[in-house]
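A.B. asks: Sharing the features that TrEMBL gives for it:
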BINDING   8, 9, 10, 16, 17, 144, 145, 146, 190, 199, 200, 201, 202, 203  ATP binding site
MOTIF     9-17  motif ''HIGH' region'
BINDING   132  L-tryptophan binding site
MOTIF     199-203  motif ''KMSKS' region'
Ligand code: AMP
Ligand code: TRP
């Protein structure tokens, strides 16, 4: 099965991105053909610094590699280096109802967040995301919960394309499969450390999230300062104890232990004991990420080479799809 996923290179990829998306990729690449993209064209729909974008792309690539994406197996590349993304994005825009785009939660949230930056690119964001997936005829898309709605829209657009331009031969006449979302069983929505009712987000103040490259001191500081709930017990209860429940989820995913098992260990212990232990667990878990990042920072050429090779492999697939799409749409 061909799998496609992507992350915006915004410079502070966090634990939510890792647990919601990247961690799934590593398992999926063992038995599937995976394409993992650094979506720079998506990153520029919200305010950004052009001088930092290239560095952020290399950082994102370092995270993919440090997390265990294998460039021999999976394709890793930068979206803008394969021009067909923009081309297919334009073409699919012509069959996407504006009403559908206006309903998108992410568009509404981001427009509220950046009131003076509500651009057409932000509105069309899910169309480009659909193009990303369909360009590779991706059948499944491992993402966190917040992206489920976008993948649903990709299904709608794929269906529409097939109806309008596919041959009338049922399944056999289909140009695109309708892509499925793959959500992790736990961790599809990691919450903010300061406000556990909100998802962990890159655009918030850094004390709300753990970046995968945070120093041990920062990790300790952020975890110790994380909002907890009234009461003293360390028990999982999302409504009554959203803060502790979020920390328990993180603990469980990082250690591969069940939440019950962790609860048992911390019966009669304090929030502070629990947080200290979580901070230690995270520091150890993220140590290879920091190490690998440091190493890759001195090996820009090597990382760029991986991205170039990935782009060449991606281009072969993308060009084949575009040839078919142009013919079906009467453009060739
Ligand atoms: P983005 O930062 O929006 O580029 O997100 C990259 C990937 O991380 C997407 O698959 C998101 O669904 C996922 N993701 C982002 N924030 C979270 C979160 N707080 N919890 C779980 N997954 C997340
Ligand atoms: N929109 C995704 C996010 O914000 C990133 C993304 C772009 C993506 N294109 C994609 C994810 C295609 C999966 C598939 O997280």
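Our numbering is plain: 1 for the first residue shown, then up by one each step along the chain.
The backbone N, Cα and C atoms fix where each Cβ goes, and this holds for glycine too.
Distances, neighbours, how buried they are, the whole picture for these features please.
C.D. replies: Same-chain residues at least 6 positions away in sequence with a Cβ under 8 Å from that of residue 145 (ATP binding site) are, in sequence order, 20, 183, 188, 189, 199.
Per-residue pLDDT, averaged over the motif ''HIGH' region' (9-17), rounds to 91.
Cβ neighbours within 10 Å of residue 132 (L-tryptophan binding site), excluding its own Cβ and spanning all shown chains: 27. When secondary structure is read from DSSP and collapsed to three states, residue 132 (L-tryptophan binding site) falls in the helix class.
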A.B. asks: Express the distance between the Cα positions of residue 202 (ATP binding site) and residue 132 (L-tryptophan binding site) as a whole number of Å.
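C.D. replies: Pair distance, Cα basis, whole Å: 22 Å.
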A.B. asks: Can you tell which of the binding-site residues (10, 17) has the fewest other C-beta atoms within 10 angstroms of its C-beta?
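C.D. replies: Selected from the binding-site residues 10, 17 on minimum Cβ neighbours within 10 Å: 10.
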A.B. asks: If you count the other Cβ atoms within 10 Å of each Cβ, which of the binding-site residues 8, 202 comes out on top?
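C.D. replies: For the binding-site residues 8, 202, the Cβ with the most other Cβ atoms within 10 Å is 8.
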A.B. asks: Using DSSP, what is the helix/strand/coil residue split across the motif ''HIGH' region' (9-17)?
C.D. replies: 3 helix, 1 strand, 5 coil
A.B. asks: Near ligand 1, which of the binding-site residues 17, 132, 200 are found, taking a Cβ distance under 6 A to any of its atoms?
C.D. replies: 17, 200
A.B. asks: Which binding-site residues from the set 17, 132, 145, 190, 200, 202 have a C-beta atom lying less than 6 Å away from ligand 2?
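C.D. replies: What lies within reach of ligand 2, judged by Cβ under 6 Å, is 132.
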A.B. asks: How many neighbouring Cβ atoms, not counting its own, are there within 10 Å of the Cβ of residue 200 (ATP binding site)?
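C.D. replies: Taking every protein chain into account, the count is 25.
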